[in-house]
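Visitor: I'd like to ask you about the structure that follows.
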């Protein structure tokens with residue numbers, strides 16, 4: 001079946017790209033999120049300028065986990081038609097859906113927070129700029145986000161189970177409505193689409209106005225970071241819409257008790273591929289759109305090569321002296 005082949009080929013390709021991209025993201029955002037040593041006068045503003053890289057660092061870790069577990073198992077299910085049994089129901093059903101929705105929501109929330117933080121920092125209103133937290137408080141906010149989402153998603157482990165036809169479904173009718181309407185359509189669809197669209201556009205407009213009145217380097221850097229977030233927001237919006245349509249269709253099909261067609265399964269595969277687009281492609285969007293990101297990557301690779309050369313040179317010198 002063509003849908004299975006599409007899932008296998010595209011899924012494996014996305015896994016490779018996603019693993020490489022998110023590992024490099026983590027390395028770069030680790031460097032960007034460190035506190036910069038500067039004079040006391042600029043310490044406060046610098047501590048706030050690393051907020052967005054901190055959020056993107058957390059988002060990249062969450063994306064890496066999504067690729068290593070939910071995406072690989074999705075390839076097994078839709079590509080190789082691997083069946084869930086009672087022996088592996090906890091790993092491939094309960095825990096899988098918990099990891100998928102927990103880390104996807106963490107990644108999505110961190111990107112929303114990074115976009116909102118850019119909006120606050122770029123505002124011409126002093127009171128709004130003061131609302132942007134310091135680096136230490138940003139770390140606490142990220143930990144709170146992870147904890148709340150992790151606790152909120154515990155019912156996924158409880159209510160997901162194996163059906164008679166080998167599908168992973170929610171047996172509780174009440175929670176199934178919450179899962180579809182609130183969880184999938186609102187929290188992972190409509191709310192982030194509206195939030196990212198609104199604050200992404202507002203931030204870019206504010207930075208455009210600031211750039212007309214100032215030629216400072218930090219304004220240019222802020223515009224680049226805002227452009228990164230705006231483009232990743234567009235990717236999230238594009239990848240989320242087909243999944244929302246599928247969820248709404250699922251609700252209609254549940255009421256009619258009709259069997260899904262092969263065309264719908266093909267749409268499901270395409271929708272699943274698009275759903276994983278954001279965790280996979282974020283690095284490549286950052287690289288293409290942002291000169292500072294490309295420069296940091298080159299510096300990272302150059303430093304690695306220089307470091308390896310020094311180690312090898314020291315080893316050869318030591319062996320020669322012996």
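Cβ coordinates are placed from backbone N, Cα and C, and glycine is handled just like the others.
The transmembrane segment annotation in TrEMBL covers 6-33, 54-77, 97-116, 137-158, 178-204, 225-245, 265-288. Among the features that TrEMBL reports, domain 'G-protein coupled receptors family 1 profile' is placed at 21-286.
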Visitor: Could you pull out which residues elsewhere in the chain have a CB under 8 Å from any CB of the transmembrane segment (137-158), counting only those six or more residues past its ends?
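Guide: For the transmembrane segment (137-158), the list is 50-51, 54-55, 58, 94-95, 97-98, 101-102, 105-106, 109-110, 113, 117, 175, 179.
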Visitor: Any residues 6+ beyond the ends of the transmembrane segment (178-204) with a Cβ under 8 Å from its own?
Guide: 101, 104-105, 108, 111-112, 115-116, 118-119, 122, 156, 159, 170, 223, 226-227, 229-230, 233-234, 236-237, 240-241, 243-244, 247-248, 250-251
Visitor: Pop the mean pLDDT for the domain 'G-protein coupled receptors family 1 profile' (21-286) in here, whole number is fine.
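Guide: A mean pLDDT of 81 is what the predicted model shows over the domain 'G-protein coupled receptors family 1 profile' (21-286).
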Visitor: Sort out the residues at least 6 away from either end of the transmembrane segment (54-77), same chain, that have Cβ-Cβ distances under 8 Å to it, and list them.
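Guide: Sequence-remote neighbours of the transmembrane segment (54-77) are 7-8, 11-12, 14-15, 18-19, 22-23, 25-26, 29-30, 32-33, 84, 92, 96, 99-100, 103-104, 106-107, 110-111, 113-114, 117, 135, 138-139, 142, 146, 272, 276, 278-280, 282.
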